Amino acid sequence: MPLSRSLSMSSLPGLEDWEDEFDPENAVLFEVAWEVANKVGGIYTVLQTKAKVTGDEWGDNYYLVGPYTEQGVRTQVELLEPPTPELKRTLDSMNSKGCKVYFGRWLIEGGPLVVLLDVGASAWALERWKGELWDTCNIGVPWYDREANDAVLFGFLTTWFLGEFLAQNEEKPYVVAHFHEWLAGVGLCLCRARRLPVATIFTTHATLLGRYLCAGAVDFYNNLENFNVDKEAGERQIYHRYCMERAAAHCAHVFTTVSQITAIEAQHLLKRKPDIVTPNGLNVKKFSAMHEFQNLHAQSKARIQEFVRGHFYGHLDFNLDKTLYFFIAGRYEFSNKGADIFLEALARLNYLLRVNGSEQTVVAFFIMPARTNNFNVETLKGQAVRKQLWDTANTVKEKFGRKLYESLLVGSLPDMNKMLDKEDFTMMKRAIFATQRQSFPPVCTHNMLDDSSDPILTTIRRIGLFNSSADRVKVIFHPEFLSSTSPLLPVDYEEFVRGCHLGVFPSYYEPWGYTPAECTVMGIPSISTNLSGFGCFMEEHIADPSAYGIYILDRRFRSLDDSCSQLTSFLYSFCQQSRRQRIIQRNRTERLSDLLDWKYLGRYYMSARHMALAKAFPDHFTYEPHEVDATQGYRYPRPASVPPSPSLSRHSSPHQSEDEEEPRDGPLREDSERYDEEEEAAKDRRNIRAPEWPRRASCSSSTGGSKRSNSVDTGPSSSLSTPTEPLSPTSSLGEERN
């Protein structure tokens, strides 16, 4: 084994890599998380999609460590015998001492090996281990917090496993243990407390305190430096959890977060600056449709249109060919996920479309699981009526076609008055009468348990979007995960996303954001924010995100009302696009898929592991940190198909126009403005200040020559036109509705 290895630049700008290809022969990687073969939240997606890339790098020296769950093992894991004698002795030793440890292969792409620890079977040691945690780390865990108690059991079992594995190996390998989130953090703290020779990494996908604070309607990002973190955690009764998370962040050799915005948050709340940002990727191959993705969009849209026909029966007075489908999906966190600002923007969009006489209709879906007790009867009836109409039309069509065929067969033109008999007319009239309804189409597809206090329904009542015939924006709240077996909307989530036109995710708190990333790899434009990890990442890597269908909403430096105005502008501009423009934009969006592939983003994790090895084993690995400017990284240029700005265009002919007063190379008039590079640079320096976001920007023109404005346009650029009046007073909304 070489005694020293050095790190150098990889093909990815800004990241370090081994000078030679890393040889994992004498190194073992354990990735520890509560969501290994146990779907709870987004970390499950991270581990599942990243397993193939990590397995290609580490081979059979890569193991995932997670909790044993009967459901997970029965459906996702194939139990196996350990492949190495050291690992077999480790499991046998733990099982003989009262633990239950299982080994198998996770049945996902890449087929990683997993070690599953039965937390419940070790509950006999909980009180003793909680006492040891207090003696070692001064962290006390209350008896009533089951999740925290499970974290203690899981942490001690993980540490026991790693220590036993090292003891059973005669040739001590270099062990890297990567812990995800606070639920696995206890194990990291104990590894350091017991001085195990393990290189440790801790990744936080969202800080505990940050999620709680943002859910409480706090001006979070403007007060990051002012929070009394101990007091805030104590008031929310999560102080012990916060201590676990903070201790893990400080004990780790390498601390990482999933985005730059979360890194800022962690620096202030956990009091340690992350060593590296490890963005979340996707298995792009799973979503790849090559040139077929436009056809898939049309097919999926047809499935959604079938649902819309049934849902709006009796009020289907809008053209489905001129209807756009927007959606928001995710955990039901009304403010954190931006459902509040989305609803307000939809009300303003409805006003703009009505005032301007637009023929476009927008159907906005809210896919957020909530507490329900059954399907809405009106919604089920709508789908039944649609199917009945379809059956009636098919019956009449078959009779009509048979009579037409027989008439043509004898060589005569059919008598149109005899093609349909009275029975057919009666059947069609009954079908028409069935489509009549007195009430508006329902907003919610299910019966909500907390109908009167539900935040989405309460807001809809306030803004008055009741799916009336006069509304150009329709709202459908589907408080359940999508499934292809549903009697209402029988499509899975991926098919639904492909059929929509725009995903809207104006989140206030979103450490990464898989939903807009999934839209991107499927070629669907999306709206994200500069407070989400995905939005910050795309803003950093793309010169003009909006040209690629990635709209970045400013929620960090603008007020809530101004952010809502900007979102309204994005939505209205999107509605003004032609069908051809939307097709071109979807093509551009789909091109960004490779940027989100784990084959690219997995290198950030590689860099974190190399950094941890260099810190844990400095005698064998060296690491030379250095700063790299973000501008040195690759940035997607503006698409060539986007029309250039008029200010940057050039004459297409060398000959002057008749209305030009002077030749292009001739002397300038005295009253015209000369361009002085140093003077303009000085103006720019004077204009660099904290962003101020006025409600409307004003433009001034001067006579006698062109004058440059002394203000800098700090708003995000967009290749689409924005409405002249993106806002109207709330009173105007009410007057128009009345």
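Even glycines carry a Cβ here, placed using N, Cα and C.
Per Swiss-Prot, these features apply:
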- Lys39, Arg331, Thr515: UDP binding site (BINDING)
- His205, Arg211, Arg331, Glu510, Trp512, Gly513: UDP-alpha-D-glucose binding site (BINDING)
- His291, Glu292, Gln294, His297, Lys301, His501, Arg582, Arg586: alpha-D-glucose 6-phosphate binding site (BINDING)
- 682-695: compositional bias 'Basic and acidic residues' (COMPBIAS)
- 698-738: compositional bias 'Low complexity' (COMPBIAS)
- Ser8: phosphoserine (MOD_RES)
- Ser11: phosphoserine (MOD_RES)
- Ser412: phosphoserine (MOD_RES)
- Ser641: phosphoserine (MOD_RES)
- Ser645: phosphoserine (MOD_RES)
- Ser652: phosphoserine (MOD_RES)
- Ser653: phosphoserine (MOD_RES)
- Ser657: phosphoserine (MOD_RES)
- Ser672: phosphoserine (MOD_RES)
- Ser698: phosphoserine (MOD_RES)
- Ser709: phosphoserine (MOD_RES)
- Ser711: phosphoserine (MOD_RES)
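Features as recorded by Swiss-Prot, highlighted on the structure.
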{"residue": "Glu292", "record": "alpha-D-glucose 6-phosphate binding site", "Cβ neighbours (10 Å)": "10"}
{"residue": "Gln294", "record": "alpha-D-glucose 6-phosphate binding site", "Cβ neighbours (10 Å)": "14"}
{"residue": "Lys301", "record": "alpha-D-glucose 6-phosphate binding site", "Cβ neighbours (10 Å)": "19"}
{"residue": "Arg331", "record": "UDP binding site", "Cβ neighbours (10 Å)": "10"}
{"residue": "Ser412", "record": "phosphoserine", "Cβ neighbours (10 Å)": "9"}
{"residue": "Glu510", "record": "UDP-alpha-D-glucose binding site", "Cβ neighbours (10 Å)": "30"}
{"residue": "Gly513", "record": "UDP-alpha-D-glucose binding site", "Cβ neighbours (10 Å)": "27"}
{"residue": "Thr515", "record": "UDP binding site", "Cβ neighbours (10 Å)": "26"}
{"residue": "Arg582", "record": "alpha-D-glucose 6-phosphate binding site", "Cβ neighbours (10 Å)": "17"}
{"residue": "Arg586", "record": "alpha-D-glucose 6-phosphate binding site", "Cβ neighbours (10 Å)": "19"}
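For the binding-site residues listed here (Lys39, His205, His501), the lowest count of other CB atoms within 10 A around the CB belongs to Lys39. Here the candidates are the binding-site residues His205, His291, Glu292, Gln294. The one whose C-alpha lies nearest to that of Arg331 (UDP binding site) is His205. Thr515 (UDP binding site) sits 18 Å from Arg211 (UDP-alpha-D-glucose binding site), counting Cα to Cα.
In sequence order, Gly42, Ala206, Ser507, Tyr509, Pro511, Ser532, Gly533 are the residues of the same chain, not among His205, Arg211, Arg331, Glu510, Trp512, Gly513, whose CB sits within 8 A of the CB centroid for the UDP-alpha-D-glucose site. Ranking the binding-site residues Arg211, His291, His297 by how many Cβ atoms sit within 10 Å of each one's Cβ puts His297 at the top. Sequence-distant neighbours of Trp512 (UDP-alpha-D-glucose binding site) (same chain, six or more apart, CB under 8 Å from its CB) are Gly42, His205, Val258, Ser259, Thr262, Pro279, Asn280, Ser532, Gly533, Phe534, listed in sequence order.
On a Cα basis, Lys39 (UDP binding site) lies 31 Å away from Gln294 (alpha-D-glucose 6-phosphate binding site). Of the recorded residues, Arg586 (alpha-D-glucose 6-phosphate binding site) and Gly513 (UDP-alpha-D-glucose binding site) place their C-alpha atoms 20 Å from one another. Taking Cα separation as the measure, His291 (alpha-D-glucose 6-phosphate binding site) is nearest to Gly513 of the recorded positions Lys39, Arg211, Ser412, Glu510, Gly513. Looking only at the binding-site residues Glu292, His297, His501, the one with its C-alpha closest to Arg211 (UDP-alpha-D-glucose binding site) is His501. Secondary structure at Glu510 (UDP-alpha-D-glucose binding site), taken from DSSP and collapsed to helix, strand or coil, is strand.
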